[in-house]
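Enquirer: Below: one structure in structure tokens.
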Amino acid sequence: MAGLSMAESGGGRDLPSKLTWQVFICCIIAASGGLMFGYDIGISGGVTSMDDFLEKFFPAVYLKKHEAREDNYCKYDNQFLQLFTSSLYLAAIVSSFIASFFCKKFGRKPTIQAASIFFLAGAVLNAVSVKLGMLIAGRICLGVGVGFGNQAVPLFISEIAPAKYRGGLNICFQFLITIGILIANLINYATSKVHPYGWRISLGCAAVPAIILAIGSLVIVETPASLLERGKNEEALRVLRKIRGVDNVDKEYAEILNAIELAKQVKHPFRNLMSRSNRPQLICGTVLQFFQQFTGINVVMFYAPVLFQTMGYGSDGSLLSAVVTDLVNAVSTLVAVFLVDIIGRRVLLIEACLQMLVAQSIMGRILAVHLKSANIMPKASAKLVVILVCVFVSGFAWSWGPLGWLIPSEIFPLETRSAGFFFAVSMNMFCTFLVAQAFLTMLCHMRSGIFFFFAAWIVVMGIFAIFFLPETKGIPIDEMNERVWKKHWFWKRYHKDSYINKRSQEIQDKSEEESLE
């Protein structure tokens, strides 16, 4: 199939390839799994600020919200309300473990299809809910869909994309997450005026991205690595030629096949993942996901309407402010799409830490001075906070947001790739659950100090990116060990012992063979 008139080289060792329409379309369809995830992130915060929804499922919160003397920071503090948001992520943790095995045994494509089915079921359950239990059950189904989708989609894109364009194509997943968030808040803004069932429309519309993914997944191809992993060698070679747009794919095919042979020697990938030589990838992959959530981004994404209402905006104003924030989020993610394969991963991460640190610190200071327990924040200060939120979100959107998913998807060797990415996804879902479940309570007790809490973590993650995170730009994923980890000033020590042990074992085996002869 014709390429997109881009360079022939796929990056690293001159593996011949083009960025074909087949790869581009497959990556966009797969990345629409991000649309599902993003829609859910955006929809939950807006729905939980709607009076009709609160009155039906959380009457205690509804009363607190409309109590004139209620503490500004504590009006939404309710564990069941937080459980509505966070239950999805508990389900995602469990389902991503199942999805890691499903992904390996049946392939990336069926895992993506399963994600769309679970998400569709969750959307329907939420839309027709009449009791809290039914509502939570729908959220759990959505969580299973998120777990399957987040496990399979980044792996799918990393395995199918040429190394030279892997970063930009993988960030399409994050870009569509931001589009999903934006669409969700636009829908919330519209349905907040539809009484008394506007919240049902908001939750039910989650079925749309699920249907898009379900239909689109019928036309995507399976990745060559997954096909070889399951013994479908001829089909893998045919697909590789199709997605690369060239006939000469022997070198890349041989590299993938060699990685498969090595992977087959590993009978227990989860146990092997804990070995010393795999520790650098495991640490970096999981720590990045931890840091992604402890930037404080979900304070904004989940609860932006709630946060803006706390500052004195009305329901319409808070939702509109959230829409502005989401628009900045989506546009800024495009910066990463175009720059990540040019200037690299680390530069974006380090710059964003400085940007987010300044924004968080100033926001915390403004709230500490101007927002007390029972007053309305001055309009000028509230508008400045919205601007600072946009500055913070833009930094996150071109760095820790997309790269938190990209880097873990490209650093693990094939034999531990599904297992390793499971740990990364699980860490993300667990930390998202913690933040979602605890934020409103933290806001009540820590008040403006919550921004300084997250600012402190930004300092830590900046130090980590500077000293411990290697650059992976343009390196084929099956060459990461040799060209990244074994050359890094700190992580190379984890490979020295494994090399010595391997050589010792080879010498021992050779001696045994000679003695038998």
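Backbone N, Cα and C atoms are what each Cβ position is placed from, and that goes for glycine too.
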Enquirer: For the feature transmembrane segment as recorded in TrEMBL, pick the matching range from 197-221, 347-371.
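Expert: Result: 197-221 is the stretch TrEMBL calls transmembrane segment.
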Enquirer: For the transmembrane segment (197-221) and the transmembrane segment (380-401), decide whether they are in contact, meaning at least 3 CB pairs lie under 8 A, counting pairs 6 or more apart in sequence.
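Expert: Per Cβ check, the transmembrane segment (197-221) does not touch the transmembrane segment (380-401).
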Enquirer: Is the transmembrane segment (169-191) in contact with the transmembrane segment (21-39), using at least 3 Cβ pairs under 8 Å (sequence separation of 6 or more) as the test?
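Expert: Contact confirmed: at least 3 Cβ pairs fall under 8 Å.
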Enquirer: Count, for each of 80-102, 136-157, 169-191, 380-401, 450-469, the Cβ pairs lying under 8 Å from the transmembrane segment (421-443), and report the range with the highest count.
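Expert: Going through each listed stretch, the top one turns out to be 80-102.
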Enquirer: Give the nonlocal contacts of the transmembrane segment (450-469) in its own chain as ranges (CB under 8 Å, at least six residues past its ends).
Expert: 284, 287-288, 291, 294-296, 299, 345-346, 349-350, 353-354, 356-357, 360-361, 363-364, 367, 400, 407, 439, 442-443, 490-491
